[in-house]
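Notes for the one structure printed next.
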6 protein chains.
Amino acid sequence: MSGHSYDTGRLNLPFVGISTFGKRPYVADWSAIRADVAVMGAPFDFGTQFRAGARFGPRAVRDASTLFSFGHAGAYDHEDDAIYLGPEVTMVDIGDADIVHTDTESSHANIETGVRAMLNAGALPVVIGGDHSVNIPCIRAFAGRGPIHILQIDAHLDFVDVRHGVRHGHGNPMRRAAEQDHVTGLTQLGIRNVSSTTKEGYDAARAMGADILSVRQVRALGVAGVLARIPAGARLYITIDIDGFCPSIAPGTGTPSHGGFLYYEVLEILQAAAKAHAVVGIDLVEVAPDYDHSGSTAILAAQVLLNLLGFIFHAKKIA
Amino acid sequence: MSGHSYDTGRLNLPFVGISTFGKRPYVADWSAIRADVAVMGAPFDFGTQFRAGARFGPRAVRDASTLFSFGHAGAYDHEDDAIYLGPEVTMVDIGDADIVHTDTESSHANIETGVRAMLNAGALPVVIGGDHSVNIPCIRAFAGRGPIHILQIDAHLDFVDVRHGVRHGHGNPMRRAAEQDHVTGLTQLGIRNVSSTTKEGYDAARAMGADILSVRQVRALGVAGVLARIPAGARLYITIDIDGFCPSIAPGTGTPSHGGFLYYEVLEILQAAAKAHAVVGIDLVEVAPDYDHSGSTAILAAQVLLNLLGFIFHAKKIA
Amino acid sequence: MSGHSYDTGRLNLPFVGISTFGKRPYVADWSAIRADVAVMGAPFDFGTQFRAGARFGPRAVRDASTLFSFGHAGAYDHEDDAIYLGPEVTMVDIGDADIVHTDTESSHANIETGVRAMLNAGALPVVIGGDHSVNIPCIRAFAGRGPIHILQIDAHLDFVDVRHGVRHGHGNPMRRAAEQDHVTGLTQLGIRNVSSTTKEGYDAARAMGADILSVRQVRALGVAGVLARIPAGARLYITIDIDGFCPSIAPGTGTPSHGGFLYYEVLEILQAAAKAHAVVGIDLVEVAPDYDHSGSTAILAAQVLLNLLGFIFHAKKIA
Amino acid sequence: MSGHSYDTGRLNLPFVGISTFGKRPYVADWSAIRADVAVMGAPFDFGTQFRAGARFGPRAVRDASTLFSFGHAGAYDHEDDAIYLGPEVTMVDIGDADIVHTDTESSHANIETGVRAMLNAGALPVVIGGDHSVNIPCIRAFAGRGPIHILQIDAHLDFVDVRHGVRHGHGNPMRRAAEQDHVTGLTQLGIRNVSSTTKEGYDAARAMGADILSVRQVRALGVAGVLARIPAGARLYITIDIDGFCPSIAPGTGTPSHGGFLYYEVLEILQAAAKAHAVVGIDLVEVAPDYDHSGSTAILAAQVLLNLLGFIFHAKKIA
Amino acid sequence: MSGHSYDTGRLNLPFVGISTFGKRPYVADWSAIRADVAVMGAPFDFGTQFRAGARFGPRAVRDASTLFSFGHAGAYDHEDDAIYLGPEVTMVDIGDADIVHTDTESSHANIETGVRAMLNAGALPVVIGGDHSVNIPCIRAFAGRGPIHILQIDAHLDFVDVRHGVRHGHGNPMRRAAEQDHVTGLTQLGIRNVSSTTKEGYDAARAMGADILSVRQVRALGVAGVLARIPAGARLYITIDIDGFCPSIAPGTGTPSHGGFLYYEVLEILQAAAKAHAVVGIDLVEVAPDYDHSGSTAILAAQVLLNLLGFIFHAKKIA
Amino acid sequence: MSGHSYDTGRLNLPFVGISTFGKRPYVADWSAIRADVAVMGAPFDFGTQFRAGARFGPRAVRDASTLFSFGHAGAYDHEDDAIYLGPEVTMVDIGDADIVHTDTESSHANIETGVRAMLNAGALPVVIGGDHSVNIPCIRAFAGRGPIHILQIDAHLDFVDVRHGVRHGHGNPMRRAAEQDHVTGLTQLGIRNVSSTTKEGYDAARAMGADILSVRQVRALGVAGVLARIPAGARLYITIDIDGFCPSIAPGTGTPSHGGFLYYEVLEILQAAAKAHAVVGIDLVEVAPDYDHSGSTAILAAQVLLNLLGFIFHAKKIA
């Protein structure tokens, strides 16, 4: 059998192989997570108010992440002259939280269990939604582990308190977060246009510690200006609703809103945030592949996540 | 202004106008329903176990129904030499039941309210799903109005009792129906392949009054053979899961199963059933337009519903 | 440079090369047509009453026809043990009739001009629509060239006289044909369900020489039974509305109607007709590629046309 | 029945209910329009020169408009700290103008009738196309009601006089408008690249009162610079061809042209125009949903229209 | 944490979790395969002659297979009153063979290596293509392991010898198989229409041991008639080209051919074959998800494979 | 026949007629090319490392180019006040190079043959891919015809030497070009993010004469700044990988990378380059229509190519 390609390893083109996140190892046993980063899917979408389908977000983002599986020795970025996510950064995919149809409470509880498992293992938890309501159990899992500040990229404020009895839909997570003792503040970027949050919601958000900036306001401030508004020393939990981006690059989502961020605008904020702050948790939500016929949205999600992880561990290495 | 087409009415091509079901009048006030038939959407899909999106089923079926809006004086069928749904049959669209995201109980309660309103008005209720769990409140609304026998077209038995606490998902409706005092039996046609119902579910179904036939068994029996198995004089509630049909004509659904019914197989059973029995209620569920790129599935749903309604009222006219 | 593939001709895989019909030569000069068969596109779709887009039918059918461009020495069919469309049958593509937006009359006139040119050249004219109204100028072009009998495959009768002033839409062609002196009769196969033709239209059709059969009636008669109803010696003009087929294999059309013909049902009728009758003209209409995401409909159209042409010239060879 | 959600009104999520524009009431009787704004569909697309399908533009834009149906008490915009389209602004959907296939003249006449009805009722008419030729009857309906200046957002000049006899296709509307006595001038923004208008058309346009600016020229001028070129006091009729936008956010159109406007570029011009001028009529055309797989284009159309209406009535309130 | 769903295992809905085939365990180490069945992807598609994209076949079929992941204790089939693939049948997914772009020889060698590994482990090898050329290394891997008879389901004969130097494209595999000493014969079902194989190819096939039947010939023979033509005692290698099926249920393939098999036609032949013969290897090829917008084709592939595996091991259990 | 539109020529709307590039004449005989510009398809995609399908790039770009077929007397651009590609510029479409499945070497040789034929005829060769590996034979064809400098628009460096034996995939072309004696340098614009090229590849590229600029670096330099880095007097070969553009306008490609160029950024560089340099050859690659549902990518490709050709010949005319 000598002479064929396996002797020296596999070429492992992106279209080849099982779709775990970044083609990293799958760990089924949540008590045996041993890695710097752990990635979990949270395929829950009963919290959506327009188009569903975010339940297939984790599969789509995992598939898309294989496009960036070149370069086992890390990814070289010529602009930064840096190699990101080299072999010194270990990452595992722990699969999905169990979702129970018709049952929001159980589904959310299972997501929380997963995040706790990742945190207990000392791994940086990365959760791929699912709709934005999955952020609620993610934030709950951080209780008792020190204060966190939330950095949100989103079109919508998601600050509805309770309406028709609904407290855990995708319009509520930031309100639920702000209510937690361990959440010290929120920086909400990209907020624009009509949403399910009313004027009262905006007022309440500001009263509860939110700094709300539209896309145009972020552009006017610049990266440094935005970063300056995040409290120094804050431990960041970053939540990225893909609809924070412009529908031109993120059409595959349930409630798109025109006028969103372009790619580098978010990337540069994330890079700067990763340099200036400890990032303790990440979720990326609302990728709905049924509306993403070209795959651009899932590719964006994978590209943003992998870059953000690269920035975080590069900053640690340098520091 | 004389001389233009409005003088003598509108041509009203299918692509023109607001998409109510069959372009029939919309009645927003549920206490003012005055019609032989009332159509309501039930855009609930949190009960799905694979692909979501049936929440847009009502809109898609309404849109598709406009294709059959020719012939204001009724639809002529040359095979039957009959005019169906002529002006003597009145029909209204009462819009959708209100759905509350994350909250199955409230959403189902609102559906039940709508069916009760239609029944109270003396109209034949037609409910367009949504996933098959919407059948649960539909059947509940018939409590206290005499016995009914359920005629189900479906790939799946939907007879799960309770699993992980779930009692009202789209795998449970026939079990929930069989538990009702006013449900005297079930004829389940098209059941095939693997589903969420186990062998124990099949045994329970038969014990609780179910007559289960696969597609091939129905073909072997023929229309008359199938009809003969429905108790004489039964008042029928017909529930059509679009996945009872072959994916070749109904690809746009959440859990397709190959080997399903072709068009005339179902149509002829429905026509025969409408001749032999009183039909007291109808639902058609699981049209998921995101998987129906050509629109064939929604057109099938509209075509089946309009034909079934034609058969029912033609049978009454003749009788 | 000797030794590369051009020395012995090209492999010419289906995905390679300019998309003329069957990759046959393009003849721009309509006074210089020299072939047994000439193919023309008629990309007109202002006659549609539901979904438009048949204007791209010619391009889609040409593209699909390249799939069958293997076998330069003809196509071997093992069931018939025959080679169809060998080099003895010459075929050209004369491009499209010029279409003038907003102007039905001019567009139809240009189609008629093209068919006359093909007839004048002694070629069998094959017209690819466009909507079914393009049949109107096709039939007009046969005036003064002997009697023809129309064999129609269609879901719809297309026998509306005039409604709101419209006489040349896609619901009118068979009425317009029946009015022509050179049209001696019509055999209309596959007619089913609701359409824009009323009961009065059916009565008029029969009075004007139409033999109307539904899909189920055709099935009951069998191929021989259907053929027996076409007058002996009739010179056939065959018009195939792709919606005569089941939407399962022809979803890409403007007004699909469930319950249509399957592939061999039509193929065998066409094969028998080509054996028993002279075929003097063909059109195939209503392929709307925007609703044909998998390409199945265009492939069906190309496959049917190429087989029909094979049958016609094979019958001539044997005769 | 007390206790369920209807007691306190409906949650009315975007995916629930009949798709009228903005879920506003449907008024079938055009002599009974009582509202500040009336919206009509003009599903005509025989004027297109490339891809058809704009006939389904009204349905798609209505569907998309439901995404913005949150907030019955108006839509709060945190950037402007304003509530737009509160209950003080009344709006109705009057359905579609009747379209007659193959007949441009009748179809256009019916559109004109609808616009006249809205104007007679004192409502601001909003017409959703359809192709850009529907602007022709819209502008005709304003005859005798005072002078208007046209503000056009478009990739194409649409200033063809007559070619091959065509005077009322989608390449002609601005020429037809400029010929009207009540049209005092045109400001044409976004014009770029190759189109059906020749150099002679540009010369004629300028001679007849057109101010033509490309996307890059608009960017160089800025919002204020553009506004300064519109005559003070002009009563504006705004016509928005969705292909004025970049195909990145408006792919679903018949003749896309790269290099178009981004979202805020148009929004800010519209906001400034609504502050500085009386807006007397609006049309938005060329949304072709068959090319809009993610729905982004229809969402853009709905978002632009609802924002523009908000700006207009907010300006009136303040003034 | 007691009380949540993990205490009693996971609900594990189809849309949840990593997409290995049937959600079975992934075994990365090919020297450590311990299972009755091993599944490998062969994502190679450079052998295609029309539409590519079969490289994503393995991912699509794995995704689709999760739909059938209900019923951990096996899948109950009420028609057969049997439980298939219960816990007594062990199955693993060994990932994909390594593919080297531009290099057919290396890619095929890697596929052969994988099949040998599965055979060496004593597992039934199941290979998911990729285009039909991947059958070539699969068959080569059986050399020296006893005689096999090939049962092929396909639209095309795939019996081209060499053309323009190509010997290992997707038109060649059955010729390459027939040349092998260990291949004792071929039963080729579904062969129809034009393909890349000429009349000479058919003659050669028959001379080399092929029994060729069209879809209509299979229908005329019936299941028993077809089975009777396979030599008694033959050890079967089953190769299923998804284009053997009708495009109505298998549109997502590179070279669709109308007139193919319906679902039960193939299923019943496979069931009968599994009862009468030892099945020693399986491949299923030519699923091209880019043309499978509804997912029907991938679902068909998964459904056929899982049923076939169920039949094989059920037959062993009974025997 | 007088009176119909052919008397004065055809209207020739974009959707009418055979899809050659720009509807220019097709020249099948490569020894008889007589034109200023010759366009050839190179439908080869076995060199792709993620999504295939670029083999249909030539057909898609030809189809899209018909949108710009207005204006037989050339295309008027009001921004430049220039008429581009008037009748003085002759252009032909010579069809596609013959592609041999499974055989990269033969396919590339056939592409090279085509480019040599165009060069021998004195025409400017324009090659439409296919994947970027088709650039390899294009550059080889320029050997012995004087030095060239390569101007590349791309997301990826494509500078892999050899990996797992692959030297002619779509990750290798710029390395292969740099190895040629007649290639004097490369300007590589748009390079960003992770790709198959490692840090060593970047180092090698710079050592072999490459000037590498990211999108952000190009933006910082401006058009003039970029142009200043190209050696004066260089004869340019321009290779445009469509993934150099932002996925917002070019989703239809195999390996999209967010953060790419917008339309005018590339257009203005090309316009400036065409003014300052002789352009001796062009290829445009990686359009994969299966991921281009709205057609935007193919339209972009056609629009860029036609504008670039316009710029080149306009510069010659002025010079």
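Cβ coordinates come from backbone N, Cα and C, glycine included.
Listed by TrEMBL as binding Mn(2+) are B:ASP154, B:HIS156, B:ASP158, B:ASP241, B:ASP243; the candidate from B:HIS108, B:HIS132, B:HIS182, B:HIS277 that the record includes in that site is B:HIS132. Fewest other C-beta atoms within 10 angstroms, among the binding-site residues B:HIS132, B:HIS156, are seen around B:HIS156. Each of B:GLN152, B:ALA155, B:LEU157, B:HIS170, B:GLY244, B:THR255, B:VAL285, B:GLU286 belongs to the same chain as B:HIS132, B:ASP154, B:HIS156, B:ASP158, B:ASP241, B:ASP243, is absent from that list, and has a C-beta within 8 angstroms of the C-beta centroid marking the Mn(2+) site. Under the three-state DSSP scheme, B:HIS156 (Mn(2+) binding site) falls in the coil class.
Around the Cβ of B:ASP243 (Mn(2+) binding site), the number of neighbouring Cβ atoms within 10 Å comes to 27.
Every protein chain shown contributes to the tally, and the Cβ of B:ASP158 (Mn(2+) binding site) ends up with 28 other Cβ atoms within 10 Å. In sequence order, B:HIS132, B:GLN152, B:ILE153, B:ASP154, B:ALA155, B:HIS156, B:ASP158, B:VAL285, B:GLU286 constitute the residues six or more apart from B:ASP241 (Mn(2+) binding site) in its chain with CB-CB distances below 8 Å.
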